[in-house]
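Accompanying notes for the structure given below.
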């Protein structure tokens, strides 16, 4: 089908997804193939221009993603950069990730989607996305289309050469952005090594490198962040990956900011969510938001497993 016809169809898919209605299996397959063509051209350190709005974990909380767009502006009117973790834990991982990928295919210059530690075959089999795909489609094909696509997602982004965005954090194997550019990202997230660290590491109050309680990645201190930012001409590392009660949290003397965009995480944590708006001079402001009003969602009684992922 020609580009014009496909764009028309894509607009219909986006409209449908905005109503939280899933696409059928064939449509998902087509969408993922188109997305691969776009993502394969993107760098491990994808260059992004400001103004842009930077978002953290969404975790299948579709109605809260709608609230995020309400607060931050619709795509493509607002440029967005999402730092991973679209799936697992929330009840609408399928609709959430399908919508974000559809927006990426429709407006490739207006939205950037990075890989999080949950964009992985192994993690999604444990934390909900795999089971949700089985439940909603009756087989694992859609799960396979998406997890194959996840291998293509860029690992990091660089806003105007100054603000470095990624899901997790820094790595003892990586001193420069060129080290990241040289990685082969087209694979499942490894258990260890630089690619793993970028998606799993966390900032810490202690200096230097530490063993991560998550069992993957490292903890890194302010000395590490300052050295990395200085060596690479950066003003800030922006990352997600950790629940923060106000939706955003500065650390390491403002060398690092954590942004978390899933309010009342797992429908039980009681946290606010936030997004970071960067204007055309790279001035930042944070917009906080609470959960969208919900109708007819399963009442959460099961205690969510203690999480370190």
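The chain as shown is numbered from 1 upward.
Each Cβ is built from the backbone N, Cα and C atoms, and glycine gets one as well.
Values in this document were obtained by computation on a predicted structure and should not be read as measured data.
Listed by Swiss-Prot as binding Mn(2+) 1 are 57, 59; the candidate from 11, 85 that the record includes in that site is 85. Site annotation (Swiss-Prot, ligand Mn(2+) 2) includes 85, 167, 241; from 117, 139, 271, the additional listed residue is 117. A gap of 8 Å separates the Cα atoms of residue 57 (Mn(2+) 1 binding site) and residue 167 (Mn(2+) 2 binding site). A coil conformation is recorded for residue 59 (Mn(2+) 1 binding site) in the three-state DSSP classification, outside any helix or strand. Each of 56, 58, 60, 84, 86, 87, 88, 89, 116, 118, 240, 260, 261, 262 belongs to the same chain as 57, 59, 85, is absent from that list, and has a C-beta within 8 angstroms of the C-beta centroid marking the Mn(2+) 1 site. For the recorded Mn(2+) 2 site, residues 85, 117, 167, 241 set the reference point as the centre of their Cβ atoms, and the other residues of that chain within 8 Å of it by Cβ are 57, 83, 84, 116, 118, 168, 199, 200, 240.
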